[in-house]
Amino acid sequence: MTAGAGVLLLLLSLSGALRAHNEDLTTRETCKAGFSEDDYTALISQNILEGEKLLQVKFSSCVGTKGTQYETNSMDFKVGADGTVFATRELQVPSEQVAFTVTAWDSQTAEKWDAVVRLLVAQTSSPHSGHKPQKGKKVVALDPSPPPKDTLLPWPQHQNANGLRRRKRDWVIPPINVPENSRGPFPQQLVRIRSDKDNDIPIRYSITGVGADQPPMEVFSIDSMSGRMYVTRPMDREEHASYHLRAHAVDMNGNKVENPIDLYIYVIDMNDNRPEFINQVYNGSVDEGSKPGTYVMTVTANDADDSTTANGMVRYRIVTQTPQSPSQNMFTINSETGDIVTVAAGLDREKVQQYTVIVQATDMEGNLNYGLSNTATAIITVTDVNDNPPEFTASTFAGEVPENRVETVVANLTVMDRDQPHSPNWNAVYRIISGDPSGHFSVRTDPVTNEGMVTVVKAVDYELNRAFMLTVMVSNQAPLASGIQMSFQSTAGVTISIMDINEAPYFPSNHKLIRLEEGVPPGTVLTTFSAVDPDRFMQQAVRYSKLSDPASWLHINATNGQITTAAVLDRESLYTKNNVYEATFLAADNGIPPASGTGTLQIYLIDINDNAPELLPKEAQICEKPNLNAINITAADADVDPNIGPYVFELPFVPAAVRKNWTITRLNGDYAQLSLRILYLEAGMYDVPIIVTDSGNPPLSNTSIIKVKVCPCDDNGDCTTIGAVAAAGLGTGAIVAILICILILLTMVLLFVMWMKRREKERHTKQLLIDPEDDVRDNILKYDEEGGGEEDQDYDLSQLQQPEAMGHVPSKAPGVRRVDERPVGAEPQYPIRPMVPHPGDIGDFINEGLRAADNDPTAPPYDSLLVFDYEGSGSTAGSVSSLNSSSSGDQDYDYLNDWGPRFKKLADMYGGGEED
């Protein structure tokens, strides 16, 4: 091909750039409404005729295309009912691409879906066309058939002799069509791309884009030197419907020689996919008795092939229908939309409840010879309508019930209804239309059996009604279908017999109230409390008895019910509440079995003046001087008005001292004041009689005693302590006697204590006069002591070395002391016997003890060093070494004579002369 060749305009066939995104629809359980593609592309010529079809968009609403409408946002294009896009007028497209939006909307749900339509304008020339090239355009040739044609890339023209430069213009290369599923051999050449500059300089060619250097990789390749482009493997339109590549031309140094051009490669569809139903089983329903043409359901099948070609155009048909009753063609299907509708009348749920329809979908526009097919099952359920009125199984029913029974089922009414059980079309509703004007009965529906239960809701008396003839009508909860009339068997008669039973007697007036005055004597006839036996035809006798008579005041005649008093009726009794006394009586007949009824008699007791007033208070206190205070008195009466106040308070004339000492002042009808009449009354307790009289007819009087304590009072009128004692009934002499008794008792207690102390002193003295043979100090006592000092720290060792100082020791407090300690208390003095002292006796006694200790090998210190605990400073004992037992000086033992006769022997031992 040379640069001077003419431009041949190649007419491009209409094809859409489709994207493969169909999934395996057999695994989907739900349908998603919308366009099959989001973006549709088609190649068109620049001149478009009015009504010319450009492409077809495919839309699925999942319920059929019925009610789906299309519109565009361009006035130049419209969409038909089948999705075909066409021009509304003759157009000359000025640009290389036109885009607009197609909208599908459902008129029933008002939902909308959008898709974009792109129209590409192709402008090419061919050297074989015989036409001259147009100015301003480069020659670009594209021929996919071998031998491949050369495609010239645009390049800038040189400046002509007039100094003008042609303007460079980019071109849209016509798409390259590649059939899918090609068997090769591969690589298979598609086209050769060549620049018109390759005669001047060496050029290298390359391609980029999806399918070249982007996944999927290396689907297409190009010879860098010759510019021949190849496809390397079979294509699948369902994976990629189109490819967009860019071709590049550079010199050997990598410098761009030409601008990149766009290459569109479309995979030509082949019918290699069967239609697939969205669901393998479809469920629909239609009312029984529906007219022909009634919509039932929609089945939808999708084909992965190109929907704009016959490969993807699916048509539907019904293969079989089971059962074929009442006709083998009860339904039909719209071949394009998949809508199933009724085609014949006679749908009856009571005969056929469900149909199974096999639907076939075939592509190639339904051509069974060339198209691929698939099937699905449509289950059509015939829904119930109320076209069968309920009918009684019998024209009459009967039952019986004892009188006075309620909530008792008398009879069960059975009905038959051929509609669907336990649905509003089957559930029965019963209604009594005649025979029960008083409303004694109702008919309730058993929810399980649908039977009518005739129930007594209001007690029936055999003596008034012995039988009932009811008329009952039955209907359904749902109204009957149009054109269906009620059956004469929807009404039945019910005969109900009432059985007589022994009814209990009853008191016509219950509770019965009578009024009378209290205090009527026993045997008084009060009233006749009789009962009535409702069993008038049995001629039974009624007997009466008491059931409750708390105070046992009444008696009833067993045959006629006459009530008399058995005791005096007292309104003020504890058995009377609010002036009413209540008793209950029993009336029993002699039927088999006997029946009884109760009646209550209420007696309202009218008050009479039978209770005298009582004075209040019973005790009080008052000052011994009359001008300080007084006692307020009143009265209490068990009766009621007018048999109570105003009261009259007065003092009796006997004894005369009462009126002499006391006086009563009336305050009002209920109160008075009791005060002293004299100027002074000795303190004490006084019983003051007062006569109280009520205002009854006749009036009653009562003499009551009030105990009054008279006592001295302080300035505030309150009794003082002495006064309170005196007011308790003790005189001055009694008080003095009590005080003397208290003093005598205290004196006796003091004497007893002194005697006990003296007895204690004598006991200690006797212990000092015990014989030496009995002295426990001569006994050998073993103590678990290992040295140290005395445990008895209270013992005064100074008395051993300074006995003369004992006379100056102060008296010690009474308590426990040593038996060898001299008492320090006051003692009677005895005359001192003249004695010659024997100062050597004590020395001999000590020396003898020392000798015995030295000769005793068992006595301490065992020739060993003894360590004694330090007893602290201040000890009056001093050092043991201070004891001087070898002194021959005279010792004065005269102080022993001061110890009394009990120590006479000891004084004689140390106070006498020396004995040889």
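Each Cβ is built from the backbone N, Cα and C atoms, and glycine gets one as well.
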Legend entry - Feature N-linked glycosylation site, as given in Swiss-Prot - residue among N557, N884: N557
Legend entry - N557 (N-linked glycosylation site) and N412 (N-linked glycosylation site), distance between Cα atoms, whole Å: 50
Inset, instruction - Sorry to bug you, but what's the C-alpha spacing from N702 (N-linked glycosylation site) to N557 (N-linked glycosylation site), rounded to the closest Å? - result: 41
Inset, instruction - Might you list, by sequence position, any residue in that chain lying six or more from N661 (N-linked glycosylation site) with a Cβ less than 8 Å away from its Cβ? - result: L676, R677, I678, L681, Y686
Legend entry - Spatial neighbours, same chain, of N283 (N-linked glycosylation site) - Cβ under 8 Å, 6+ residues apart: M297, A378, I379, T381
Legend entry - Sequence-distant neighbours of N702 (N-linked glycosylation site) in its chain (C-beta under 8 A, six or more apart): A612, P613, E614, L615, I691, V692, T693
Legend entry - Spatial neighbours, same chain, of N632 (N-linked glycosylation site) - Cβ under 8 Å, 6+ residues apart: L667, Y671, A672, Q673
Legend entry - Around the Cβ of N412 (N-linked glycosylation site), the count of other Cβ atoms that are within 10 Å: 14
Inset, instruction - Run through the domain 'Cadherin 4' (508-613) and tell me, per DSSP, how many residues are helix, strand and coil. - result: 0 helix, 47 strand, 59 coil
